[in-house]
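Asks: Okay, here's the structure, questions in a sec.
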Amino acid sequence: MSIENLKNALPEYAKDLKLNLGSLANEDVLNQQQKAGTFIASALASRSNLVTSAILAEFGPQLSAEALAAAKAAAAIMGMNNVYYRFVHLVGGDYANLPARLRMNVMAKPGVDKVDFELWSLAVSAINGCGMCMESHEKIVRQNGLTQEQVQAAIRIAATVHAVAATLDGEAALS
């Protein structure tokens with residue numbers, strides 16, 4: 001399966017998603033590794049077998065083995081961190097002063113350019129709705145030279161991939 005197959009699988013009422021998916025696959029404000037990794041990390045965060053398979057088939061070959069592992073790691077570690085830090089942020093109190101005591105070594109040595117890993121972490125954090133994580137990752141990527149347009153492109157990819165996954169999974173449940 002490919003991006004084209006995903007587009008063709010979308011129902012007529014999701015035509016905007018189809019158009020967005022096509023234009024984002026050709027987005028040129030991000031470099032190839034940034035774009036491919038954002039698509040893959042977002043697909044994994046969206047938890048759809050169909051979407052993840054199609055996006056991995058389309059974008060996996062564009063990444064080195066190390067970059068592919070890092071995109072997967074961004075989705076995995078943010079799956080944990082987004083829950084933990086969203087709790088800390090929303091509940092408040094003294095939780096922020098306690099050590100997390102969760103291993104996060106991959107964040108220090110992701111195996112790719114740190115800014116790319118942070119961008120993928122930002123996209124996943126947007127999908128998972130962790131404000132504290134989004135603020136932190138956005139600050140890091142901006143301090144390391146990414147533009148607002150590049151950040152926005154990654155979030156547009158995350159939003160569209162997530163919506164495609166929800167739509168296709170919903171349609172599958174209805175059939």
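Each residue, glycine too, has its Cβ placed from N, Cα and C.
Heads up, here are the entries from Swiss-Prot:
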- Cys130-Cys133: disulfide bond (DISULFID)
- Cys130: active site, proton donor (ACT_SITE)
- Cys133: active site, cysteine sulfenic acid (-SOH) intermediate (ACT_SITE)
Asks: Can you give me the same-chain residues 6 or more apart in sequence from Cys130 (disulfide bond) with a CB-CB distance under 8 Å?
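Replies: Cys130 (disulfide bond) has long-range Cβ partners Met78, Asn81, Asn82, Val83, Tyr85, Arg86, His89.
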Asks: Give the number of CB atoms, excluding that of Cys133 (disulfide bond) itself, located within 10 Å of its CB.
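Replies: I get 23 for this one.
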